[in-house]
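Participant: Right, I'll just put the structure down here and ask away after.
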Amino acid sequence: MLLIRNGDIVTATDRFTADILCDNGVISAVGMNLEVPEGTPVIDATGKHVFPGFIDPHVHVYLPFMGTVSKDNYATASKAALMGGTTTLIEMCCPSRTEDPLDAIRLWKSKADGISFCDYTFHMGVTRFDETTADALRHIVSIEGITSFKVFLAYKGAFGIEDTELFQTLSLAKELGVVVTAHCENADLVAEKQKKLISEGKLGPEWHEPSRPVTVEAGGCRHLMTYAEMTGAQVYVVHTSCIPAVEAIEEARKRGVKAWIETVSPYLTLDSSYAELPNFEGAKFVMSPPIRSQEHGDFLWTALAEGIIDTVGTDHAPFDYATQKHMGHPDPAKCVDAHFQTTGTPGNFTLIPNGIPSVEERIKLLYTEGVRRGRIDLQTLVRCASTKPAEIFGLYPRKGAIVPGSDADLVIWDPEWRGKISAATHSMATDYSAFEGKSIVGRADTVTVRGKIMVQNGEWVGEKGWGEFLPREPKKYGDC
Ligand code: DUC
Ligand code: ZN
Ligand code: ZN
Ligand code: ZN
């Protein structure tokens, strides 16, 4: 048993002061002055917020990609998540086109089972579609309890699928009632734009954004919307970065397309001024879709406050700066970074592994930049980063809620803590932070997963392997 006394409880719709009693891994009571047996451990949450554990609906932990493999493993990524207040991860399982989906899900699960500190599940990447894949996907949904797919309209050759496969995947998803999450960028246009820029000698990280402009992302969204409309499937657009993309999805929603919108913390809190950084520093900020100019970030905050954007994830994709990001250095001989061990082969921006490590920082950033600056309220924070992801992906009310019967995943948040983000102190396995030196207000003081304390007074006390795989049921659009 564990009693959390006198906290300011914040849910997606409510705010009140009460005690929370946790028993046997679940919340057993919520109310004022709860009576507990003598000897029950008590945490005094006076002056602190208590949130339902946060859910990151979009992370990569194990990611073989662009000629390398992401740096984190489940021990580092799940510890980092918990230190930042995230108690559940939904990871993209991304097989290559030739990999068997069942082998892939076994492999991805083996990376987490017995290792993860926090609870987890997966979106099943569909990177090829044929009869065998269809059978495997049915099994993955009904037997493994993995009730969401992931498709890439970008990255042709690696993960991307053809349009006939997209149609078949969405048709199957409709039949099974599962959600299809999608990375929407027009891969062919990106490839053409990349070729042109490179032929003009435009090689540095500052050319990443121009190679994937907002219209290419909006085009990808419209493409997916057409297929969703044709099949009736429920779709969820991941990492939406810009005004035209959100508008394209909004337009489709008005026609009755069942579409949810995710954005991710880098788009809300960084902007394209990274392109002006000296040397190769800009590579730290290369992710796809790219980070846009400030007006897009401002628009995303408003859309989030208005409920147009449903969720905020991270697209955590952890690559080191010194070695991995440097695979795209155009002029290694002139690299100013003493740390860079070069093979001497000149690269370009298309060879910089895409991704920013941020699973640890999402809630701190949403709180500091969103709540404290008046862009969103506390309920919106809980809604977009906990309750909505739980609802959309079939985890609610086990997760994302503070009611009797829900898992005792709780975050006691100190709203007055002040500090800075730094790679020197973060728990992620990467050698840099895209938010280095950023001042932060508020932090996760105490974090529980199914009643077990994993973070206490901001210190790590977690137990390896405590995290559990979460089998899920399909969820219908309209129920949330
Ligand atoms: N985008 C990234 O930036 N990294 C991982 C994959 C993706 O779609
Ligand atoms: Zn993506
Ligand atoms: Zn991703
Ligand atoms: Zn360098």
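Every residue, even glycine, has its Cβ placed from backbone N, Cα and C.
In case it helps, TrEMBL gives these features for our protein:
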| type | residues | note |
| --- | --- | --- |
| DOMAIN | 50-453 | domain 'Amidohydrolase-related' |
| MOD_RES | K150 | N6-carboxylysine |
Participant: Taking the Cβ of K150 (N6-carboxylysine) as the centre, how many other Cβ atoms fall within a 10 Å radius?
Facilitator: 25
Participant: Going by DSSP, is K150 (N6-carboxylysine) sitting in a helix, a strand, or coil?
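Facilitator: Looking at the DSSP assignment, K150 (N6-carboxylysine) belongs to a strand.
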Participant: Take the domain 'Amidohydrolase-related' (50-453) and average the pLDDT across it for me.
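Facilitator: When the pLDDT values over the domain 'Amidohydrolase-related' (50-453) are averaged, the result is 96.
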